[in-house]
Amino acid sequence: MIIRSPEPEVKILVDRDPIKTSFEDWARPGHFSRTIAKGPDTTTWIWNLHADAHDFDSHTSDLEEISRKVFSAHFGQLSIIFLWLSGMYFHGARFSNYEAWLGDPTHIGPSAQVVWPIVGQEILNGDVGGGFRGIQITSGFFQMWRASGITNELQLYCTAIGALVFAALMLFAGWFHYHKAAPKLAWFQDVESMLNHHLAGLLGLGSLSWAGHQVHVSLPINQFLNAGVDPKEIPLPHEFILNRDLLAQLYPSFAEGATPFFTLNWSKYAEFLTFRGGLDPVTGGLWLTDIAHHHLAIAILFLIAGHMYRTNWGIGHGIKDILEAHKGPFTGQGHKGLYEILTTSWHAQLSINLAMLGSLTIIVAHHMYAMPPYPYLATDYGTQLSLFTHHMWIGGFLIVGAAAHAAIFMVRDYDPTTRYNDLLDRVLRHRDAIISHLNWVCIFLGFHSFGLYIHNDTMSALGRPQDMFSDTAIQLQPVFAQWIQNTHALAPRITAPGATTGTSLTWGGGDLVAVGGKVALLPIPLGTADFLVHHIHAFTIHVTVLILLKGVLFSRSSRLIPDKANLGFRFPCDGPGRGGTCQVSAWDHVFLGLFWMYNSISVVIFHFSWKMQSDVWGSVSDQGVVTHITGGNFAQSSITINGWLRDFLWAQASQVIQSYGSSLSAYGLFFLGAHFVWAFSLMFLFSGRGYWQELIESIVWAHNKLKVAPATQPRALSIVQGRAVGVTHYLLGGIATTWAFFLARIIAVG
């Protein structure tokens, strides 16, 4: 830490009225680009309009102006998020069975969408229990609302209106901070101040206020709900907040107020700030008192973290100093120069944030089922499957986005003349070693992981089960994973003396939590089948990384095209007369990386779906006998490719294929339609541009003959545009197919 003299007097950090508000400008499509604003000559115009509308780098090279546009766009994004949230809460208030579900969450399914009978589609309104007919939802909103203490639909209406007000406020803020008071570049680059405000404000005070809400509103209301009190009889949130005696009846230590806090007698608060671990046996969710404790602790950490960085007072950390001091014996200049990169290239900044947020999203996916946070979430199998799948897909897309923006940074913002012997330069200089080694790892993993399956298929086909890799023949137990499970299962009262239960039931220990005769969670056994599929995960993830990293490291130059940086982020080929140089741009690596990301995530969600149905989810009889949905067939069936096709894809597709005539029939139609969208993508991916240009010219000839030719000249999509349309339909078609397959299955059997 360095102590310096304080900064001079307050600096002016905004420009007043920098850009006039002009509806004429906004009404002219492509007003941000001189070329596009001229209007269309050919049909390529509409594609360029979409490609460049948000590419602020192409509108101007002024970093301050780009920063302001990004900042303003963020407010627009927040406005859309508030609008979406408002819609969710409004549906909960207007079209849902939330109050009925709250009264009996184990027998009534959540529904917040009722289909209007226009052409007979009211068949989609299935009976979700309690006499309510509607579409069963799997978003987890009901469970979240119960956890936050919402007991009636009026509260949902109020929240929906509040979200609309905030949406309007965000729209106004986006306009105000671009047209009326736009921050100067220095404000965007003041990282210490930004860290302090984001850490202490957003994360610190945000967590603290949520902890406060949980203690004063959620805990007492959930205590009543768990005890079976009718939601209409429970006092309203403001009564708990304003009347301490009400809370003191539930938690006697409340009567003492803040005295134990200031006298350091904190154990008095252990009634409602607990450290139990495990799940609440009534709801199958984490103990809400544990969650409140967690948010309070997190708030303290972030409030402290938000006071660590040096701003107007000459005390605290400076990010530049930290980065420049960060060098090891083998890393040359280390992180010197990174500060300049991250404060002048928003692509570099965004790349790191996307990589971290993507990884975090995938971690969230795993925690949502292993430590289900909300009441009655664990026994709502459709919602569990949806939340896992959703967070896995989102994480995958964010990580590919990280590679995309890293490559854009390399092409547009990287200055090789100022970088020497820092970490980035060193990585670039031995990129051949990195990529060739990574390639070797991919080949090794691919042949060995797939080879184990092929061996098993062959032995199975030849009728030699004793020679297969399985839990009953040649065992390949995941010993390291089992060791980690055991250390966590044994930790309470030994290495974690304060904890009474393990962090998650999945670690082991023999406990089972069932709610309303359904399994919420139990110890998840890992065996040979998991060992095999985990190596497929390793393989697909490493190939995705190989493609994306190669795209980044070779985005400026390669032996094939030494001057690649001059060609930009996306280009089809290195000009005429240079055969074999197509599809080498950084954009093309992102394009290919998306397909492998899709492979990776597909295997993960298939593994999860089958494993949970086979070994976790199911019913519990009065005698305590567990019957799993697929009867534990994962361990023996998933060890062959044939088993995956026969016992997972085909066997579990029966619900979606046979859904016609039932309330699940929309999933049958989506399954069909999404397959079509996916197949449509192949038309773009498997044919060349010239084919379409020739076809178009024939069609234009026919139009000319009939004198109906348009003024805008039709053109085939460029190579890059065609690939973009192809990958979009491939991914959307594939994801929607999986969605329909999963939901029809799990709603029917779960």
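Quick reminder: no glycine exception, Cβ is built from N, Cα and C everywhere.
Noted in Swiss-Prot for the protein shown:
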type     : residues       : note
TRANSMEM : 70-93          : transmembrane segment
TRANSMEM : 156-179        : transmembrane segment
TRANSMEM : 195-219        : transmembrane segment
TRANSMEM : 291-309        : transmembrane segment
TRANSMEM : 346-369        : transmembrane segment
TRANSMEM : 385-411        : transmembrane segment
TRANSMEM : 433-455        : transmembrane segment
TRANSMEM : 531-549        : transmembrane segment
BINDING  : CYS573, CYS582 : [4Fe-4S] cluster binding site
TRANSMEM : 589-610        : transmembrane segment
TRANSMEM : 664-686        : transmembrane segment
BINDING  : HIS675         : chlorophyll a' binding site
BINDING  : MET683, TYR691 : chlorophyll a binding site
BINDING  : TRP692         : phylloquinone binding site
TRANSMEM : 724-744        : transmembrane segment
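Features as recorded by Swiss-Prot, highlighted on the structure.
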residue : record                        : Cβ contacts under 8 Å, 6 or more apart
CYS573  : [4Fe-4S] cluster binding site : THR581, CYS582, GLN583, ILE719
HIS675  : chlorophyll a' binding site   : GLY733, THR737
MET683  : chlorophyll a binding site    : GLY726
TYR691  : chlorophyll a binding site    : none
TRP692  : phylloquinone binding site    : ALA716, LEU717, GLY722
Margin query: Test of understanding: applying the rule of at least three C-beta pairs under 8 Å (pairs 6 or more apart in sequence), is the transmembrane segment (70-93) touching the transmembrane segment (156-179)?
Written below: yes
Margin query: With Cβ-Cβ distances below 8 Å as the criterion, list the same-chain residues six or more beyond the ends of the transmembrane segment (589-610) that contact it, or say none.
Written below: 369, 385, 388-389, 392-393, 395-397, 399-400, 403-404, 407, 533, 536-537, 540-541, 543-544, 547-548, 550-552, 555, 630, 634, 638, 644, 648, 652, 723-724, 727, 730-731, 734, 738, 742, 746
Checklist line | CYS582 ([4Fe-4S] cluster binding site): tally of other CB atoms within 10 A of its CB | finding: 13
